[in-house]
């Protein structure tokens with residue numbers, strides 16, 4: 001099997017390569033090839049593969065020699081080569097981090113700890129397009145998959161606290177630049193214990209509203225603020241990110257024909273690479289909290305139920321704790337005042353791992369027959 005990698009140098013691609021190295025995945029790949037859009041003929045990264053030269057990612061004939069293509073190059077790349085590649089007669093596996101093909105009928109959204117049955121059926125039935133899901137959707141399902149898999153959810157609403165990484169590497173840099181720029185405005189005043197906090201606050205507020213604040217990528221301040229809209233405006237009051245929550249969750253679960261209603265608001269906050277979500281669920285039956293926790297904890301190897309206590313919550317349910325790990329903690333689980341079927345939950349997950357690279361890494365192994 002020849003496996004071609006495109007977009008392996010970008011943020012998601014780099015995380016994917018690191019994870020594949022950690023898990024010794026290249027030992028399961030008979031022949032690996034690396035493609036580029038900008039450095040054709042250059043030296044390929046060395047993961048022990050025979051092919052040492054970078055190939056042209058826009059050359060359909062070269063791509064067509066692959067049995068599997070894994071791309072983290074983005075949606076524009078997918079739109080530019082995918083159909084031409086299929087039209088050339090190529091019948092290989094296309095594994096893609098971008099959203100372009102997610103909702104196509106001949107594509108499966110990959111999240112094997114949650115929908116391995118859907119993946120296995122797809123492989124049996126000749127499906128060749130395996131697409132990574134929206135990061136918040138994947139992270140929500142990793143945390144709450146037990147309830148969805150047992151068909152216990154009547155509806156759910158997710159209010160998100162999404163990290164800068166979801167918008168890209170430049171946006172992560174801009175967040176840090178913003179933090180530093182805010183501090184620089186008031187560094188001297190902060191160093192004076194007798195300084196007025198109201199004066200400091202006014203200087204910060206004035207700076208956030210000024211044209212000097214670095215906001216070329218987000219368009220508005222994030223450090224010291226938040227952004228209550230993510231992705232394009234669908235024109236009906238909903239953002240595309242919010243729309244994805246319902247349609248992608250149901251597609252992942254194989255329930256597009258009989259969907260569970262899921263909606264909410266998506267908000268960008270000043271976290272680096274962990275998305276958090278506050279979720280309200282209406283269950284189909286009134287279950288004890290202890291039973292709900294047992295169902296959640298048993299769903300996969302990465303979800304971690306955090307006791308609904310202050311100390312556990314503030315130490316375990318934060319981006320600072322979770323970033324860079326595969327752990328998906330879920331806590332703040334309790335009955336809400338509206339009735340016994342109404343449950344709250346709060347979950348955190350790394351947007352670049354289970355939110356992006358890890359499902360692709362694992363579906364590659366599944367397609368190769370080694371997971």
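The backbone N, Cα and C atoms fix where each Cβ goes, and this holds for glycine too.
Database features (Swiss-Prot):
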{"type": "ACT_SITE", "residues": "135", "note": "active site, acyl-thioester intermediate"}
{"type": "ACT_SITE", "residues": "275", "note": "active site, proton acceptor"}
{"type": "BINDING", "residues": "9, 10, 11, 12, 37, 38, 73, 165, 166, 193, 351", "note": "NADP(+) binding site"}
{"type": "BINDING", "residues": "102, 244", "note": "phosphate binding site"}
{"type": "BINDING", "residues": "162, 241, 268", "note": "substrate binding site"}
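Each residue in 136, 160, 166, 167, 227, 229, 230, 231, 266, 267, 275 lies on the same chain as 162, 241, 268 and has a C-beta within 8 Å of the C-beta centroid of that substrate site, without being one of the site residues. For the binding-site residues shown (37, 73, 351), fewest C-beta neighbours within 10 angstroms: 37. Looking only at Cα atoms, residue 37 (NADP(+) binding site) sits nearest to 135 among the recorded positions 135, 268, 275.
Residues listed for NADP(+), 9, 10, 11, 12, 37, 38, 73, 165, 166, 193, 351, cover a largest CA to CA span of 54 Å. Between the CA atoms of residue 166 (NADP(+) binding site) and residue 241 (substrate binding site) there is a gap of 11 Å.
Counting other Cβ atoms within 10 Å of each Cβ, the binding-site residues 102, 268 show the lowest value at 102. Ranked by Cα separation from residue 135 (active site, acyl-thioester intermediate), the binding-site residues 73, 241, 351 are led by 351. Among the recorded positions listed (11, 102, 275), 275 has its Cα nearest to the Cα of residue 162 (substrate binding site).
When Cα-Cα distances from residue 11 (NADP(+) binding site) are compared across the recorded positions 102, 241, 244, 268, 275, the shortest belongs to 275. Cα to Cα, residue 244 (phosphate binding site) and residue 9 (NADP(+) binding site) are separated by 27 Å. Listed recorded positions near residue 268 (substrate binding site): 275 (candidates 9, 73, 102, 275, 351; Cα-Cα distance within 10 Å). Among the recorded positions listed here, namely 102, 241, 275, 102 has its C-alpha nearest to that of residue 73 (NADP(+) binding site). Of all residue pairs in the substrate-binding list (162, 241, 268), the one with the greatest Cα separation is 11 Å apart.
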